[in-house]
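*Asks:* Annotations per TrEMBL:
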- 28, 30, 55, 77, 103, 122: S-adenosyl-L-methionine binding site (BINDING)
- 35-210: domain 'Ribosomal RNA adenine methylase transferase N-terminal' (DOMAIN)
Ligand code: SAM
């Protein structure tokens, strides 16, 4: 018996349903239900929220979310082998777990969710960053989600929360921090997973802000940041020269020395540069 519900332990679920982990699907499972409940608690008060979970696998985090009181969980899982195990969880929590057998990159979850919505997931490593970037760059802000509580490889987590001047600082930090607050809330060693991955992991919690910290056109900011960090060792006047013929003047107008490198430039300055570039 697990500590958090009356369903069988996850090792038994995996054995009963033949869920041998597949590397191609990024399957590193969490089997300790105390740990999955702890991750669920990092997502905040779930009692009034629908929770979107990507890649529930055998359902360890799903059980944590439900046991911690999530109003409803929508779980999208690509691996059809996991669906019967997830259906057993749905039966134990009537009306609170909806399962979709599909690819999270293709399914539109919004039709299945009622706001307020929080996202919580131990993401498959191969699509984690792509999903995060999508969630951070919707057409309109605020986005459909109130918060994201996501497990990443430690190195990716550090890129999300990085400050200027560090090696990890780049496009992901700016995208994440411009309109959200982002922090690492848990660190997990490889042995927390079955099978253990090669690297450590960390849970990042992002809360959507009502609006951007500094004004900027999202498309212009995205273009500037991509160009600046694509050639991160170059001075900005060189890295950005394709964006405007008078890039030095625009950098100066934004209060940035043209000889600076992207790594040294903070979010506020990048937003000022995006505004300077948007002017005719
Ligand atoms: N949440 C489970 C846990 O914590 O034990 C499993 C996490 S495992 C790191 C990632 C899960 O995502 C696997 O169950 C895998 O089958 C699933 N997955 C991989 N690619 C997916 C995709 N494109 N869409 C939805 N699920 C996917």
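Keep in mind that glycine also has a Cβ here, set from the backbone N, Cα and C atoms.
Because the structure is a prediction, the values reported are computed rather than measured.
Explain the structural surroundings of these features, please.
*Replies:* Taken residue by residue with DSSP, residue 55 (S-adenosyl-L-methionine binding site) is part of neither helix nor strand, so it is coil. Non-local neighbourhood of residue 55 (S-adenosyl-L-methionine binding site): 26, 76, 77, 78, 104, 121, 122, 123, 124, each in the same chain, at least six residues away, with C-beta under 8 Å from its C-beta.
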*Asks:* Taking only same-chain residues 6+ apart in sequence, whose CB is under 8 Å from that of residue 103 (S-adenosyl-L-methionine binding site), what do you get?
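*Replies:* Long-range Cβ contacts: 76, 78.
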*Asks:* Tell me, how many other CB atoms lie within 10 A of the CB of residue 77 (S-adenosyl-L-methionine binding site), whichever protein chain they belong to?
*Replies:* 25
*Asks:* Just to confirm: which same-chain residues, 6+ apart in sequence, have a Cβ under 8 Å from the Cβ of residue 28 (S-adenosyl-L-methionine binding site)?
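*Replies:* Same-chain residues close to residue 28 (S-adenosyl-L-methionine binding site) (Cβ under 8 Å, separated by 6 or more) are 21, 122, 193, 194, 195, 196, 197.
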